[in-house]
Amino acid sequence: MKPINSSWFQPHTVLLAGIPGLESVQIWISVPLCVMYLTAILGNCTILLVIKTTSSLHEPQYIFLSMLAATDLGLSLSTLPTVLSVFLLNHREIEFHSCLTQMFIIHIFSCMESAILLAMAFDRFVAICNPLHYTMVLTPAKITQMGLTAVVRGVMLMVPLPILLKRLPFCKDVILSHCYCYHPDVMKLACGSVRVNMIYGLSLVICSFGIDSVFIFISYILILKTVLGIASKSGQLKTLNTCVSHIFTVFIFCVPLIVLTLIHRFGQFTSPLLHVTMANLFLFLTTVLNPLVYSLKTRQEHLEADLDWILRNILMGLINSSWFQPHLLLLTGIPGLESVQIWISVPLCVMYLTAILGNCTILLVIKTTSSLHEPQYIFLSMLAATDLGLSLSTLPTVLSVFLLNHREIEFHSCLTQMFFIHIFSCMESAILLAMAFDRFVAICNPLHYTMVLTPAKITQMGLTAVVRGVMLMVPLPILLKRLPFCKDVILSHCYCYHPDVMKLACGSVRVNMIYGLSLVICSFGIDSVFIFISYILVLKTVLDIASKSGQLKTLNTCISHIFTVFIFYVPLIVLTLIHRFGQFTSPLLHVTMANLFLFLTPVLNPLVYSLKIKQIRQQYLR
């Protein structure tokens with residue numbers, strides 16, 4: 001029976017673990033981890049997109065593969081915040097209920113993955129042992145039922161886990177063995193009897209992973225029996241080859257899971273390094289390798305071709321692709337107003353001057369005013385530097401078009417400009433997320449503000465924004481260089497923007513579109529979601545403040561940032577939608593939104609923050 005007021009014994013936070021003994025180099029370990037997360041997210045998104053858009057892949061085998069990809073994607077995203085927080089920011093604390101939530105989601109996706117691997121084994125069994133009834137057995141309705149069963153079973157089996165943990169009293173030692181929350185690991189922190197938890201955990205393993213693995217084994221015994229009945233050796237090999245990817249996936253899922261379970265059950269005296277290694281193998285092995293395995297082994301022509309492009313050519317152009325590349329591209333001013341572009345250049349020059357002087361002023365004031373050497377203003381200086389970079393990267397072409405009516409730009413110069421514009425845009429999104437985190441900590445956890453946002457962590461966050469921007473954007477010009485281009489080389493804007501350049505290609509741009517979509521999800525998508533969550537939590541805290549004046553005063557510290565988020569994301573979203581769906585919209589709308597995206601944040605950010613920060617306002621008045 002649950003003791004009265006058991007919540008008194010629950011820790012407010014628990015501590016995650018990185019790699020014991022390597023704490024000083026965790027920032028460098030975060031680089032391969034980021035690459036693995038990027039591979040897992042992009043790889044699984046690619047599988048989902050290719051299967052969705054290719055009608056010939058709407059078959060049971062590939063539908064189950066898309067379910068597996070979606071599950072791996074969920075598993076990656078559920079652990080990403082804590083893993084990168086530990087390794088990248090050295091922030092080890094996690095709120096107890098957040099830990100239980102993460103644990104719940106991780107175990108749901110693990111249970112779902114086991115069920116989907118069983119469904120895939122059943123698919124291979126029917127296809128090989130009973131091929132004539134394949135379409136009758138695996139109908140769309142039955143595939144949907146199997147998918148829903150995997151989800152429902154996962155949720156129902158895992159719901160008791162956090163409930164059983166919440167009833168326990170916990171010890172003062174609240175250090176976990178991993179960089180994410182895992183049920184046996186959290187359970188070890190309890191001071192009370194965990195007999196019920198252990199019994200339920202064992203029952204859960206038997207009812208899900210145990211039964212699934214037994215049926216997968218039986219399926220392959222029956223498949224092997226059928227294969228051995230085939231007369232020719234080539235026929236046997238050809239049939240078995242359709243199962244190789246699935247067998248490999250089963251092994252890379254089950255082996256780390258079994259070893260990790262045994263370590264938690266019997267490895268009390270094993271090295272902490274072994275705990276961490278097996279935990280990370282369980283986390284990354286399936287999510288990273290599954291897309292690679294299926295891209296190499298899947299026989300379907302379209303899937304093989306699409307994934308092969310991404311995996312083999314993402315870091316190199318095609319041989320002789322330069323033969324089809326234009327030497328020059330033509331930029332566009334404002335359609336229909338070519339005769340007055342010299343006059344339009346005047347307000348553009350004023351806006352560039354405002355952006356450059358304004359952001360330089362912010363950088364100078366923050367650097368020279370010691371009272372502004374605080375996290376909030378350091379992030380603002382990062383934002384100003386990014387806006388400055390964005391302005392300077394477009395200034396030559398914009399003024400060249402409007403002031404000199406010189407529209408030509410060399411192809412490689414265009415790709416270089418595009419690369420820098422997208423890097424600075426991605427960096428700006430990351431810095432806006434960092435500023436949202438700053439406001440979240442300042443309002444929701446003010447007592448820990450200086451401990452959380454130390455100079456070292458702020459530097460790490462800034463470097464992460466730069467490294468992420470560069471890593472994500474490097475493939476853009478490389479993927480464009482491999483394409484043949486048409487004779488029509490007129491861009492829609494007065495600067496080079498990836499979707500705009502991509503439209504000039506005559507070859508297939510499927511790989512470019514897939515990578516572009518994945519890039520948007522992995523940067524702007526994830527950033528905007530976390531910014532939104534931050535402000536939901538901030539708003540919840542603000543509403544708990546008793547006085548209206550206190551609420552307004554607290555919210556007032558966020559106004560500048562909220563406004564900056566809106567003026568950055570709204571034009572970006574509209575511009576993305578125009579390029580994706582606005583084939584028949586007015587060219588004037590393209591140019592207007594492109595210029596709004598270009599000028600709005602660099603020009604308005606200094607003005608907005610000068611109104612809010614006294615020292616910057618005084619510098620302007622001088």
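Each Cβ is built from the backbone N, Cα and C atoms, and glycine gets one as well.
Under the heading domain 'G-protein coupled receptors family 1 profile', TrEMBL lists 43-294 (among others).
Under the heading domain 'G-protein coupled receptors family 1 profile', TrEMBL lists 358-609 (among others).
Long-range contacts of the transmembrane segment (63-88) within its own chain (CB-CB distance under 8 A, at least 6 residues past either end) are made by residues 16-18, 26-27, 29-30, 33-34, 37, 40-41, 43-45, 47-48, 51-52, 94, 102, 105-106, 109-110, 112-113, 116-117, 119-120, 123, 143, 147, 150, 179-181, 249, 283, 286-287, 290-291, 294, 298, 460, 464. For 63-88 (among others), the entry in TrEMBL reads transmembrane segment.
TrEMBL lists 100-122 (among others) with the feature transmembrane segment. Non-local neighbours of the transmembrane segment (100-122) in the same chain are 61, 64-65, 67-68, 71-72, 74-75, 78-79, 82, 94, 146-147, 149-151, 153-155, 157-159, 161-162, 165-166, 180-183, 186, 208-209, 212-213, 215-216, 219-220, 246, 249-250, 253, 257, 286; each lies 6+ residues outside the stretch with a CB under 8 Å from one of its CB atoms.
The transmembrane segment annotation in TrEMBL covers 143-165 (among others). Among residues of the same chain six or more beyond the transmembrane segment (143-165), those with a C-beta under 8 A of the stretch's C-beta atoms are 60, 63-64, 67, 100-101, 103-104, 107-109, 111-112, 115-116, 119, 183, 186-187, 190, 196-197, 200-201, 204, 207-208.
According to TrEMBL, the transmembrane segment annotation covers 198-223 (among others). Here the transmembrane segment (198-223) has Cβ contacts under 8 Å with residues 111, 114-115, 117-118, 121-122, 124-125, 128-129, 153-154, 157-158, 160-161, 164, 183-184, 187, 243, 247, 250, 254, 257, 261 of the same chain, all six or more residues outside its ends.
Residues 68, 110, 113-114, 117, 120-121, 124, 182, 184-185, 188, 205, 209, 213, 216, 220, 274-275, 278-279, 281-282, 285-286, 289-290, 293-294, 297-298 of the same chain lie 6+ residues outside the transmembrane segment (244-267) yet bring a C-beta within less than 8 angstroms of a C-beta in it. Taken from TrEMBL, the feature transmembrane segment covers 244-267 (among others).
The transmembrane segment annotation in TrEMBL covers 273-293 (among others).
Summarising the annotation, TrEMBL assigns transmembrane segment to 314-334 (among others).
Summarising the annotation, TrEMBL assigns transmembrane segment to 340-365 (among others). Residues 333-334, 372, 380-381, 384-385, 387-388, 391-392, 395, 398-399, 401-403, 405, 599, 602-603, 605-607, 609-610, 613, 615-616, 619-620 of the same chain lie 6 or more positions beyond the ends of the transmembrane segment (340-365) yet place their CB under 8 Å from a CB of it.
If you look up TrEMBL, you'll see 377-399 (among others) marked as transmembrane segment.
Same-chain residues lying 6+ beyond the ends of the transmembrane segment (458-480) with a Cβ under 8 Å from its Cβ atoms: 27, 30-31, 34-35, 38, 88-90, 313-317, 375, 378-379, 382, 415-416, 418-419, 422-424, 426-427, 430-431, 434, 498, 501-502, 505, 511-512, 515-516, 519, 522-523. Residues or ranges marked as transmembrane segment by TrEMBL: 458-480 (among others).
If you look up TrEMBL, you'll see 559-582 (among others) marked as transmembrane segment.
TrEMBL lists 588-609 (among others) with the feature transmembrane segment. Beyond the transmembrane segment (588-609), the same-chain residues lying 6 or more positions past its ends with a Cβ under 8 Å from any Cβ of the stretch are 332-336, 351, 354-355, 357-359, 361-362, 380, 383-384, 387-388, 390-391, 394, 398, 428, 492-495, 497, 560, 563-564, 567-568, 571-572, 574-575, 578-579, 582, 616.
Panel annotation: around the transmembrane segment (559-582), residues 383, 425, 428-429, 432, 435-436, 439, 497, 499-500, 503, 520, 524, 528, 531, 535, 589-590, 593-594, 596-597, 600-601, 604-605, 608-609, 611-612 of the same chain, lying at least six beyond its termini, place a Cβ under 8 Å from a Cβ of the stretch.
A mean pLDDT of 86 is what the model gives for the domain 'G-protein coupled receptors family 1 profile' (358-609).
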